[in-house]
Structures are given as C-alpha cells and as structure tokens.
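*Asks:* One structure follows; several queries about it will come next.
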C-alpha cells in the first residue's frame, strides 16, 4: 500500500508540468464545446429582507448553454409547480414572490445544478434565512440607587436578532452618553461604571439596538440612576467586573476578528494594559478600544493562539486576568481551488484539491454531481486522496468534477471540468498589435494561444532566420516573450508561431522601445516671504513620439483652484504667497507608458508676531524680572528678543534698546537705573526681520539716588593764549539718578603742588578759567552732584591752557640734491618752549626762480609741502632739472605758523630732455625723403645731439631691421637718400643731454606714392536715401575711407570720413539738398598716414528731389483743367453766335462808356482778352507795364510763385493770373511768345490748343 502511494506521488510530480501547460483561457473561444462552469451564486449564509422578494442567484456558462435545476433541503425543488417561484430566462436564478406567501415557508438549504451534455456543475449549499429584528420584551425597570464611589453595571440584554444588533447608549435627546476610562460599554452592550459619581445621576439611561439588515432601531425602557453621597466610600484596589476569576478561555476562527475585554472597578479608576504571555502582540493587526479595555486583533492566524494577560492598576494595587486563546480554522485553500483542464486525446493530466483546516478536513470527490465511487468506472482515471490522475484520456470522457472539503467549522466546494478536445492551434493575441515599452524596462510580448494538444510557441524577429531562444530573450510557458532590459535595437517586427500535431499558426506583432521620461531640472526647496512670488521649475525630457501631460500636486492632492497659481509648460508660479501655500509640491510628467515625478517643499516665512503677556516680577530697587509669551515665529526660528524701554519721566515717546536675550528664552533679568519711570516692550527677530513691538508693560518707577557716574570726555584746552576751557559730556536725565543735577569743576597746574580750585556749575558742559599762563599743563576733575548726594570720586584728566604762535624758526636749514628732479631738505627742530603750543609739524615753502638756460625769466609761484609731527627732514619731488630753486622752513602749532627760516637756494642738475617739438617729412622721392624737426620744449640741460632711428614696416604692420643715425645738436633736418621705393618707414627721433637721451617722437611715411592708384571704376548714384558711392580696390592697405567735403567750402573745414573696410560701395547719408560735394577714396597706412587717393567725384544732390510731385497727375489739377475746357467751349459758342449776328458786342458798348483798364474784351480771331481796338492785336494793354520785348515784368513788391519754387520765372496776365509754366525750370524771356517746353502745359496753352481745334 505504501508503495502505491509513493508511485502516485511520483506520477503527480511527473504530470505537474503538463497540468500547467494545458490550462488555457477557454472562455475566449465561443465555438468550442465546454462543460458547465458556475460563474455567480448567492453566499452560503444568505440572510434576506422579509419585506422584499427572495432572489437566489445561480449563473453558469458552457457550450451548449447549460440547463438548471434546484434542490431544497436535499430534495428536488419543482420550480414549475410553485406559482410564487420563477426562474430567470437563460439563467438558474430563482425569484420568489412573497406577496402571497410567508417568507418562513421558503427558508431552507438550496443547491443549484447546471448541466449540459459534457457534464454537470453544482453550487454551494445556500442557507436562506430571513432577517429578524424582534421587539424588546416589556419590563418595568426599578430606579437604581447607589452610593457614590461604588461600581455599577446597567444591563442592556437586547433581543436576539439575525444578524445580531449594534448596541449604543443615548439619552432622551438622542445624544450619545459620554464614555471614559471610568464609564464604558462592554462587547455584550452593558454599560459599566468602575465607580459612580454624583454627576452620574440621571433618569434617561437608554439602550438602543440597531438591526443593520432591516435598518430598524429598538429602544429599551429608560433606566433611572440616583447616586447618594451619604457616607464617603474608601479607596480600593481594582477587581475585574468581567471576565470573572483569574483566567478564562476563548476560541476564534482563522481569518476572523479576535476581541477580548477586561473591565475593572476600583477607586481611583483603574488603568487597563495588555500583554501576550507567550510572545509579542502583532503590531499591525492590533488595536485597543474602549480606553484600552478591549483588545482587537484582525485577520487572526494560527500564530495568534496563546495566553493574553490584561492588568488593571491604580494607586492601591493591581489585578491580572489571563485569557487562553485557541485558533481553529474552517477549510481553506493552500494553492487555490482545482483548475479546469483541456486535454487532447491520449494526453495525461491531474486535478488537485489541496486545502487545510483545524481540525484537518476530509475530502470527497464527485463527478457530475454524483459521488465518484458511484460514477461509471474509467480506467484512465485514478483517485488518490486530494488528487485525481488522468492517463491517456479518451474522446468523450469530458466531465465536471466536484471537490468537497469540510470539517466542524465549514466546507469548501469547487467545480473543475476536464474537457477532451482535438483542436489545431490558434493565436488569440490580436494581429499587428503594437507594444510600446520604455528603454531599460522589461518588455513582455504576448502570444496567447489555444489548441489541443497545447501548441508549442516559437518566436522570430524580422526575417525569421533564427528563433529567439537565447539571451536577451526568454520565452515563458504561456507563450509570452520577455526582454528583461529592452534597448532601442530591440524595436521591430516579431513573429509568433504556434504549432501542434494538428497544424501551425502565425501572428505578427510590433515592439517600439521609447526613450524614458526624465525630469532634468527638479523643483528646489524654497523659503519665501509671505506676499512675494515663488517659481518651481520642472524641466522634462521625454520621447518625442509620446504625448506628455504635466500635473502639479500639493501635498499629494490637487492644486487649489486659485488664480495666483499659474501653471506653465515647465514651471509653477505662485504669486502673492500666503501661509496656506506652504506644503510639498510635486510635478508629475505622465506619458502613456511611464512617468517621472519630483517634489519640493515650500516654506512660507514671515517676520514673527509680536510677543504678548508681558509681566514684571521679582521687583527690586535696581532690577526687575520681565517675562513674555513669544508670538508665532512663522516657520523661521526666533534668533533673539530685543527689550526696549521708554523713560516717560525724561524722554517720553522715545524708546531705547536695553538688552537682548537669545530666542530660546522668554524671560530677562533687567538692571535698572534710579529715578526712571520705566515702560518695557519686546521685539522678536527671525531671519525675516524684527516683529512689531509688543504692547507695553505696566510702568515701573525706581527711586532717586546719588549719581552712579561722573561726566566723561573731560578735556582742557585754550581758545585764547590766556585762558583754559574745561569741557565734558554732561550726564543725561537717565544718568542723573535724581533731581537737581549739577557739577563740581576742579583744576590745578600740574607742575605746581597747589590746591585744587573748585567751582559749582549748573547743568552745563563747559567752564572757562581766565588769566592762565600760555600753554601750561593742568590737572582737571569734574564730579556729578544731585539733591541726593555726590557722585563717585572723579578721575583726573589733563589739559593745556591756550596756545600762541611759535616765536622761533628752524635752524641749520640745508638742501641736498638727490637727482635731477628730487631734493632733500634738512633742519634742526625748534625747542618746545619756543613753539608755545602743540607741535603740529613743519612746512617747507619752495619755488623755482628760473631755468639755468640764458634769458629765462623768473618764476615766483610757491609750492608748500607739509610734514606732520616732529620731523627734521623732508623730500621735495617733481622738481625741474637744470633750474634754480629757493626755499625756507617754518614750524606750526595749533595756533598757526612761526617765522620762516632764512631763504636759501639750490641748483638742480641737468636731466634728460623732452621729445623734439616736431618731426615733419618733406621732399619725398622714389627712394629718398627729408626729415625736419624742432628742438625739445623741455631741454632740461644743454642738448648734446640727436639720435635718429628708422625701420621698414610691411603691410601686416611687422617691423624690419633698425637703422640708426647720430646727429649734431645744431642740426634740424636730414635727407635720407637710400630708402626702398614705395616702402613704408617708421622714424624715431630723440634728443640727448649729458644725463642721457630723452623720449622719442615718431613718424611714419612712404617715400613716394604709387603712380598707379589702386582705385578704379569710381562712380555714384543719388537716391532718396543718399548718395551711393561704388568703386573697385586692389591695394594692400586695409584701412579704406570715403572722404567728402562741400564744394567751395572754406579752408577751415575738414574732410569728413567714413571707414569702409572690405566693402566695394557705401551709402553717404545726411547730405544736404541742393549742394554739391567733393568725394574721394583714401587708403591709409600705419598711424593713419594717407598712402593712396582716388580721383575726386563731384556729387550734386538735387533740391527737394524727394518731394517733387508731377502736378499733371494730381486729381485736383485734372478737375480744374476740365472745368476750364468746359468754360472755354461755352465762350467759343457764344463768340460764334455773336459773330454771326454782327454789330458790336454789348461789352463794346460798355467799353465805350467805361474805359476801365481792368476790363478787356476778347479778340475775335483767337478769343484772347485784349483792349477793344481796331489797331493791331499786339498793342500793349492799357494800364499794363509790358516792355518792348513783349514779356511781362513783375514789380518787386508783387508776390510770385517763383518765390516758392526752385528758381523758375513765371508770367502773369494783367488780371494777376499765372501764365507761366508749372515747373522748377526757368522760362526763356527772349520773346513774349516763349519757347516750346516739354513740361506740363499751362492753362493758356490749353486754351490755345482748344482754339486751334475749334
């Protein structure tokens, strides 16, 4: 027998892999045969509401769809024969109509059966019971009278309900009765008093029971409690009210809640504590309720079994109670219920029903609802305790197997079918599905398949050349391909191939590896003052193909709906920060695949609130204790407190700093002065600054006393040569210590052993002693005195009487020459008694008389050098070489200068000369030139000669070898004959004396300019923006300029230049209209020396060229011309009519009567207006001043359009009409007729044209 068990165990191990491999998601395939499977059923213990219809659920699936039947209390329940019961269509769910029948008639144990041709599945036993909420039994409760201090129990004893009710105590006003360590409710609902008090007396202790299923509440009769206080009750050690005795036991089921309680009485009220004797309490699953009187452990496991001890303790002792807890277990699955099997013919499989419980449960098997021992025999099936082994199953052996595991505390029932199928492989994963994964993350590509036998899965990538079965690929048993760390190169097309003995199936999917989302710049911790703004940055990098979403959280919740919080693409800005904005802000960047987040805290700080509750304690004559309560520090630690005081007696309204204490202290011992009316206030300081001052303390007055100190800063000095001014810094009212402040001033000569002279001075700051000798030392004392006594003995100070001017000059004065620009002056000090004051120093007066060159004038300007202190020499810098100087020395004190020493002289030696005054180049030839120069302005001695150095310079400003020429002192020019043609040279010239050479003057020049200019095709064009100068340049020089100057400008004007390096054209702007300019191009070399010039251009800028308007195109002018043409046409018609009639015109008759020179009739042949006459047409008009040449001359005083034009001379008819041309060009005055013009026609021309047309 033992051998058979061993063989069965080995067979189970062998078939374990097959069991796992054959499990498939069958519900994804609708067209395949399938035994029934229960999908939904009512709970085992089914409590129903008696007011509603009964619904007992039973849902199942299968192929074909199963049929349903029921049993009640173990026998068949004929649903069709009960008119109150119906079954839902395509379902096994029962609906019981209780409107015509009592609910009690349908209580019982129900079981549902679902069957089709492939098997039968059964449900759990469903125990149907109705909910009950019975009324409280009628009872008359007598009032309870107890003595104060004793214990009391108020029983509740609610009626038994289903499920049990929830108990609570309230009063008549439906307010919960207060509970505490002294008064609490037990688990059974009774109300316990560890000891009663007078305030426990009341008549409305009411116990309520709430039945949750029916949502009804039942009320017990009120209990009246009266507490007497006749005799005091002695204090006593604790004793337990529940549980009784020293130990008890309790049983709890695994997975349930364990509740244990210990309620004790005693006086004073005991405290309850819990321990586990055999170990520690499970911290995460343990809680203490009802003021530690109840220990609650949830989700109980076998490890919670053992002894628990509760202890009640007060001042008089302690008592213990031990509760032994045993844990039992209803059956529970070890590895889950058995799972369905799909097997191909001749395959093997295993059904396992493995569970545990306490006590150990028994296991029974059924097939299609019939005990397996009563089922037809099957050689391919073997039952071994909790396992059924299938070997080489045959077609048609599909069935549903039931596993029932039970013990004294419950049962487990599970259905599992065995479905024998022959199916070719199918891949259930959708074709061309795209998987997206983040780089460096795990990638799982599904290939969910179905087939019987179970298909074998093979993966390929790309061209399917090699299967993916090695690193980094892992193929799982369910067909999923895993890439543990996905990289960019893993992206692409993957092919999943499923094959079994009946066929092959392919499916293609795609993998895309995306870049991870990363926060590059995280928000940083911010400390900001209230009212300011703060910005949290959150810059993110993500895969460009993924759509990001930025979310901000505050304290793991949504941001407040506040317009002050501004969310941008990569930042969060909070304006006008308040204290409510403080917290942790988190930016979360989400994509469809991943996210990244970062957090930062915002601390809002502000100056602290002012301290409050100032109090003065420990009051003494010279001290007091000040205490206060700090205000809110607003997230910034208080660094210190500043204590200020106001002296309302001497300085009302002025606050002074008294002392400081660290921010950790809230008290200060203050030292006080006499005769002050103190009021104190306190300010707090944090990193943001000082708080507002606190409210002032009450006033504290100190008594007057003699001064504690004397004036400081005692000094003695004279303002005249025969007086002594004694001054001091007077005491303040705060320092006076009392009324009547005055001073004792004392003095005596220091050298003499004389008595002190004393005077009393009112509250002042100085006293003047007259008739003192000049500059004599004195000893001085000033003592403070008030109405309450003298101050301490004063310290002795020293001072001097008044000074007078020194009466002696320094002796043995002499000068020592150091070099050509520096001399040192020496003298003997003046004796102190001749200085007659405090020695301040010596002053040297010196001046340059003249240069040692002949015929140089004298210089009388004096310089002064001051040497502070007791010096006997001094340096005179910056002197002129080769010059004669005079000087004297004087001593000075606080009063002024003494007499000068006898004036002496010294000569300065020769020095190096200054640079030559000029260096000019003349007569440049092809290979020679002449240099001319002037002697230095500052010769500083006799010039002994000149040194000329020169060297060539190439186009890149590099210097060549140096040539040197020595020149005589009397030379002022030299010709250099052997220079290189068209080479730039740099010349250096300096002068020399016997002391040495001086600084050089430099010049740069080319011996002769190139005959061929490097400029060509120089031209210009004038436009609205200016004159555009264009050219070509092929020279080596880099500095090219455009220079221009107004034509005919006076000689003092300079050429203006514009740098145009590297360009071939330049726009000259700002040229004045109507002027002509000379323009040239210049190439310049080193030190801006001009080397090449172009030919000059004459550029003329036309007057108002940019503002000329073609009048012939203006609308007003065209309209005017049309009106004139129409008028002329009318006049022509009138003339024609009058001419045909004959005789004189009416105008002729008026002409004969009124010979007005302003009125002229028209000429017949051309209709021009002339004087009516029988003479020639061109006879001059009356009143006109037409010259003999026929032109109209304008008076000088007449106004003319010519004054507003550009120089043209217009013509006027005798009526003032303008007959000249509308152009800026002058008209010819040779004839009255004028010449033809290409300009716009005048009105007269237009009239003549119309006449000729007519």
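Cβ coordinates come from backbone N, Cα and C, glycine included.
Unlike curated records, TrEMBL annotations are generated automatically.
Sharing the feature lines straight out of TrEMBL:
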{"type": "SIGNAL", "residues": "1-21", "note": "signal peptide"}
{"type": "DOMAIN", "residues": "36-123", "note": "domain 'Ig-like'"}
{"type": "DOMAIN", "residues": "134-224", "note": "domain 'Ig-like'"}
{"type": "DOMAIN", "residues": "238-326", "note": "domain 'Ig-like'"}
{"type": "DOMAIN", "residues": "331-419", "note": "domain 'Ig-like'"}
{"type": "DOMAIN", "residues": "425-512", "note": "domain 'Ig-like'"}
{"type": "DOMAIN", "residues": "516-603", "note": "domain 'Ig-like'"}
{"type": "DOMAIN", "residues": "610-705", "note": "domain 'Fibronectin type-III'"}
{"type": "DOMAIN", "residues": "707-804", "note": "domain 'Fibronectin type-III'"}
{"type": "DOMAIN", "residues": "809-911", "note": "domain 'Fibronectin type-III'"}
{"type": "DOMAIN", "residues": "915-1011", "note": "domain 'Fibronectin type-III'"}
{"type": "DOMAIN", "residues": "1013-1104", "note": "domain 'Fibronectin type-III'"}
{"type": "REGION", "residues": "1173-1254", "note": "region 'Disordered'"}
{"type": "COMPBIAS", "residues": "1227-1238", "note": "compositional bias 'Basic and acidic residues'"}
{"type": "COMPBIAS", "residues": "1245-1254", "note": "compositional bias 'Polar residues'"}
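Can you tell me where each of these features sits in this structure?
*Replies:* In the predicted model, the domain 'Ig-like' (36-123) has a mean pLDDT of 90.
Helix, strand and coil content of the domain 'Ig-like' (425-512), in residues and according to DSSP, is 3 helix, 48 strand, 37 coil.
Residues of the domain 'Ig-like' (516-603) grouped by DSSP class, helix first, strand second and coil last, total 3 helix, 47 strand, 38 coil.
Across the domain 'Fibronectin type-III' (809-911), the DSSP tally of helix, strand and coil residues reads 4 helix, 56 strand, 43 coil.
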*Asks:* Counting Cβ pairs under 8 Å that are 6 or more apart in sequence, does the total for the domain 'Ig-like' (425-512) and the domain 'Fibronectin type-III' (610-705) reach three or more?
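*Replies:* They do not touch: fewer than three Cβ pairs between the two stretches lie under 8 Å.
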*Asks:* Work out, from DSSP, the number of helix, strand and coil residues along the domain 'Ig-like' (134-224).
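*Replies:* Within the domain 'Ig-like' (134-224) the tally stands at 3 helix, 36 strand, 52 coil.
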*Asks:* When the domain 'Ig-like' (238-326) is classified with DSSP, how many of its residues are helical, how many are strand and how many are coil?
*Replies:* 6 helix, 54 strand, 29 coil
*Asks:* Tell me the residue counts in helix, strand and coil for the domain 'Fibronectin type-III' (1013-1104), as DSSP assigns them.
*Replies:* 3 helix, 50 strand, 39 coil
*Asks:* Pull the DSSP breakdown for the domain 'Fibronectin type-III' (610-705) and write it out as helix, strand, coil residue counts.
*Replies:* 0 helix, 48 strand, 48 coil
*Asks:* Per DSSP, what is the residue tally for the domain 'Ig-like' (331-419) in helix, strand and coil?
*Replies:* 3 helix, 49 strand, 37 coil
*Asks:* Given the domain 'Ig-like' (134-224), which of the listed stretches 238-326, 809-911, 1013-1104 has the most Cβ pairs that are under 8 Å apart from it?
*Replies:* 238-326
*Asks:* Go ahead and report the DSSP secondary structure tallies for the domain 'Fibronectin type-III' (915-1011): helix first, then strand, then coil.
*Replies:* 0 helix, 49 strand, 48 coil
